[in-house]
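J.: There's a structure below that I have some questions on.
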Amino acid sequence: MVVPTLLRAFFVLASATILFIQSIPPFRSRFLAYGKVATPTTPNTKDAKPSTTAAPQDSKTPITALLDHLAMYTVPHSFFTHFYILALATLFLLGQQISTHGPLYTLLRDLQAPEWAAAAGSARRAMGGQSIHQVVLTWTCLVLQAGRRLYECLFVQKEKETVTKRGEGSRMSVAHYALGLAFYVCVSVGGWVEGTDAIDAFKFTLMNVYSLVGPPSAKSFIGVMFFIIGSGIQHDCHTYLTSLEKYTLPTHPAFQKLVCPHYFAECLVYLGLTIMSAPRGRGPFNVTMWTALIFVGVNLGVTSMLNREWYVGKFGEKSMEGRWNMIPLLF
């Protein structure tokens, strides 16, 4: 089937696009920066440096005028909620289609790869796909992740957003918004799409689903551990950040060595999903979800760099000394 190949191509292309935009300052400041990092900083210390994340005041040329015009198309940062609403809607729709072998599931299953890719696809299928246990587990964890993030957006962060006049001065580009929506639709498919043989062979009844409960495989156990640890760290960080006054330097233990530990936690969540969904006989990782993890790492890594620049501009170089951007000892 061609769906895994298309999903991998999307995740890789999206990652490359973000890196390309990051490498060009006029693009970076206009289309990647959002929320606090898109606002000019007012230094709180003598050694603070002007932030470079806010859109620069370039001398006007036709190109910069066009970029400025495109950068005007934004949505409130609170629209992040839509990502998780869409993810849950997609997952529940797909769950219904999978359990009934419905037409949407059948369409995704039967999409054929071009001839040049058919041989490789046949070889992969011969090695084995996802088990029905992996399909159900990965779908469940994706629902839990989207549900938790929606809960945090609606209830944990709601009080702070109300105090800071929700949406005011906190916006993101339409392109960023559209890319996020596309990502959550794609990852909702990528978690189970390599288990169609197992899905076809399984009859979804209450008793049959109950029979899936049992000792986990090594991949499932390790994947769930990463998922739980990442989810817990991220929720704790989000709850702490909500308790801070607007645009305050975090002092929580998780922020002592990392600029954005909540981004690292998100990577742990997707690493767990990548391991637990790995098809049998194809190594420890699901390649489709691995490319999704690459996208998450690139997207959040770039954002962590912008956060670092903003903190330096607001609080000075010393405030960021000894802190990695996102991944301990690596980045």
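Every residue gets a Cβ built from N, Cα and C, even glycine.
Remember, it's a predicted structure, so these values are computed and weren't measured experimentally.
So TrEMBL says this about it:
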type: TRANSMEM; residues: 6-24; note: transmembrane segment
type: TRANSMEM; residues: 174-193; note: transmembrane segment
type: TRANSMEM; residues: 213-233; note: transmembrane segment
type: DOMAIN; residues: 218-331; note: domain '3-oxo-5-alpha-steroid 4-dehydrogenase C-terminal'
type: TRANSMEM; residues: 287-306; note: transmembrane segment
J.: As a test of reading the model: what is the averaged pLDDT for the domain '3-oxo-5-alpha-steroid 4-dehydrogenase C-terminal' (218-331)?
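T.: It averages 93.
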J.: Counting each residue once, how many in the domain '3-oxo-5-alpha-steroid 4-dehydrogenase C-terminal' (218-331) are helix, strand and coil under DSSP?
T.: 78 helix, 2 strand, 34 coil
